[in-house]
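Taking it in order: structure first as structure tokens, then the write-up.
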């Protein structure tokens, strides 16, 4: 079954088309132009002032990458040297500077989610931003809230935060603030509904033997889009994100980087996005269509990697000269790019890139792939780590979730013989960076694989850190790190005072195949014989502690309730300080306060199967129908009355907490008013000129395959090299696509993140929390709301806070619920509304431990 339209879903019921119909994404034109609203005003005006001085070719130069593997960064635009504007360096990844050296390898986004700590999210973002800035990168290609985590086995879930949109949204926003406060443009990605690696790109899928010709299509209804997948991006826009990266997949059978509904309507018109939309690498599929649908920057610039051809560059210049793309659209692209640059203060901090993404050699050709240009110093080996190892270690410890503890932890340091068991305890025999883009599972797992990685400056393994602890106390430590040497594992476990067993499960981006996992995991089991390693140790040692390093949930049902398994910890993907972070928790220097950012089911079937791994549409685009709507992770478990092993939000401590005294207070707030009125007409800046103004400059030494904005000839058809050049634009351009007249403001729009009235605080909720144990510890009070409708989740997370309490001390935690927190999306009015269904609020320590509840008063 396939959805007929993103708007064709009633508020309380999904309307499905017949099986032979494909989902359809309705057109929305024209592409909204930036207006500098809110705190963008100063940056917008500066951008207008500089863009007004640019020629058409100079504007185009800002919009188009110069080509894959040509300049130093993984993506680099042209600049405007005449006006002192450099080409902009865009660099991966969401957890650190990729393809570089002397940089930090931070914990992954999923670990930040496990901290439930807004301040740590900000500090991590700020620290990463500092390192990107110091390396000469202007744009960080992160953070990610797409994938959100529709399927627990989605390959890149770990790059983002959590399948809960509220938790993801808050930490997404804080990360963006941190990055941009360090003077680097943050890129909110991957927009949108990019939830699996299978079929994300047709050429990649063809390489794996799948006979498809188009990327897979994520098919979802408007309610699901707004209440789940768009939610964290609204938080990102409200936080001032300078860039948004559109994704590889199609959304309702329209590619993410030329989908006018998701880019023009949702992102720019409804959420009021003022920055620029950048394509993911090779996700740009059409020149004019992409420009008019809201794409602002093409990366890495070429049609295919290293092809030397581009949908934009020269072709965008031609499209403006012949009137196919209006001047106001390319002006808007340039203004958006420059406004983001100015908003973060990049002009004050700019430094040229001091590293090469393509080689670690000190010297090389300036234009790497074609071995052209001067032979010069391309790597300056600048150490940008500062003191970030301290923060990384803290986040690693504060994100370690204690899932089970039968009195085994914390360790006392007096254990006479400690057994370290499992490959995940030790080093990769090829070195921490021995597998390209971490594309293997050898040794301890501290990040997944793909473009969302960074080189480790070092990696402290659990074996190193724990051995240091044991030897410091003059006790014995022995290792068994061959996961198939079961006899040796059993023999060692028999002699141990405590057996620490290390297991893992990996995943990553689809261009790398690890043990038959094409990015997405094939299943949720532990890798490399992990279950048998645990059972071998536990059958011979009555004090077996299991440590899991994984990209998400794994199946623990075979051994979690074994009485000899006395403790279980999830360490996630903790980055370079992995072993030290874990030792801090094991030995009680840090009291665990982390909470699971996802649900641990008893079986893979408990999650339902949302991952499409076989083509289902002939050789056309595989159709990925999001038939579950908003019911993913704990929402789906609740709906199906499925009992998890460990619920969303669950996590133990070395102390205990008590919740009491829930109070609810209605706050004074303005009435909700749908936004109304019209925009100004699209402004233009400067003159376009004639084709003769944009011929290649005399004396230019052209670089092979480099993407330029200039023309070979004043004959535009000859300059384009397009066999279909001259086709009447009215034959293929949607109605209104080039209309620069004033446009109506959407009811749900009018401000950053949507209608400003959505963020009015309507209700204050307070709870008393007491530390009833004997040691200080962190707790994360969680506030859930029931929206009351018959087809709504039983509860949805809305607020949380990580707090520290000394023993026997208590505090009153107070938070507020906004209009958005209490509203549903109405597909008929195309606006948010607080329904008349009775609503309740719940408070507690996890999604299934909510001792306090109260009815909410009626608000509007």
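Using N, Cα and C of the backbone, Cβ positions are placed for all residues, glycine too.
In sequence order, 189, 190, 245, 246, 247, 248, 256, 257, 299 are the residues near residue 280 (active site), counting only same-chain partners six or more apart with C-beta under 8 A. As annotated by Swiss-Prot, active site applies to 280, with the evidence given as similarity to another entry.
Residues or ranges marked as N-linked glycosylation site by Swiss-Prot on the basis of sequence analysis: 61 (among others). The 10 Å shell around the Cβ of residue 61 (N-linked glycosylation site) contains 27 further Cβ atoms across the protein chains shown.
The Cβ neighbour count for residue 211 (N-linked glycosylation site), using a 10 Å radius over every protein chain in view, is 10. Positions annotated as N-linked glycosylation site by Swiss-Prot, on the basis of sequence analysis: 211 (among others).
Mapped onto three states, the DSSP output places residue 252 (N-linked glycosylation site) in coil. Among the features that Swiss-Prot reports, N-linked glycosylation site is placed at 252 (among others).
If you draw a 10 Å sphere around the CB of residue 315 (N-linked glycosylation site), it holds 26 other CB atoms from the protein chains shown. As annotated by Swiss-Prot, N-linked glycosylation site applies to 315 (among others), with the evidence given as sequence analysis.
For residue 354 (N-linked glycosylation site), the count of additional Cβ atoms within 10 Å of its Cβ stands at 18 [all protein chains shown]. Following the DSSP three-state reduction, the secondary structure of residue 354 (N-linked glycosylation site) is coil. The N-linked glycosylation site annotation in Swiss-Prot covers 354 (among others).
Per Swiss-Prot, N-linked glycosylation site is recorded for 387 (among others), and the stated evidence type is sequence analysis. DSSP assigns residue 387 (N-linked glycosylation site) to coil in the three-state reduction, placing it in neither a helix nor a strand.
The Cβ neighbour count for residue 523 (N-linked glycosylation site), using a 10 Å radius over every protein chain in view, is 12. Taken from Swiss-Prot, the feature N-linked glycosylation site applies to 523 (among others), supported by sequence analysis.
Counting only residues at least six positions away in the same chain, the Cβ atoms of 563, 564, 566 sit under 8 Å from the Cβ of residue 542 (N-linked glycosylation site). If you look up Swiss-Prot, you'll see 542 (among others) marked as N-linked glycosylation site.
Packing around residue 564 (N-linked glycosylation site) is summarised by its Cβ count: 18 other Cβ atoms lie within 10 angstroms of its Cβ, all protein chains included. What Swiss-Prot lists as N-linked glycosylation site is 564 (among others).
Under the heading N-linked glycosylation site, Swiss-Prot lists 658 (among others), citing sequence analysis as support. Under DSSP, residue 658 (N-linked glycosylation site) is assigned to a strand (E or B) in the three-state scheme.
The N-linked glycosylation site annotation in Swiss-Prot covers 690 (among others) and is backed by sequence analysis. Cβ neighbours of residue 690 (N-linked glycosylation site) (same chain, under 8 Å, six or more residues apart in sequence): 321, 714. Under the three-state DSSP scheme, residue 690 (N-linked glycosylation site) falls in the coil class.
According to Swiss-Prot, the feature N-linked glycosylation site maps to 712 (among others). Here residue 712 (N-linked glycosylation site) comes close to 314, 695, 696, 718, 719: these same-chain residues lie at least six apart in sequence, with C-beta atoms under 8 angstroms from its C-beta.
Residues annotated as signal peptide in Swiss-Prot: 1-19.
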(message) Quick check: of the glycosylation sites listed here (61, 211, 252, 658), which one has the Cα closest to that of residue 315 (N-linked glycosylation site)?
(response) 61
(message) Roughly how many Å lie between the Cα atoms of residue 61 (N-linked glycosylation site) and residue 523 (N-linked glycosylation site), rounded to a whole value?
(response) 45
(request) Determine the most Cβ-crowded residue among the glycosylation sites 252, 387, 658, using a 10 Å radius around each Cβ and all protein chains in the structure. (result) 252
(request) May I ask for the distance between residue 354 (N-linked glycosylation site) and residue 252 (N-linked glycosylation site), taken between their Cα atoms and rounded to an integer number of Å? (result) 42
(request) Report the nearest neighbour of residue 523 (N-linked glycosylation site) in space among the glycosylation sites 211, 252, 658, comparing Cα positions. (result) 211
(request) Find the one among the glycosylation sites 211, 252, 658 whose C-alpha lies closest to that of residue 387 (N-linked glycosylation site). (result) 658
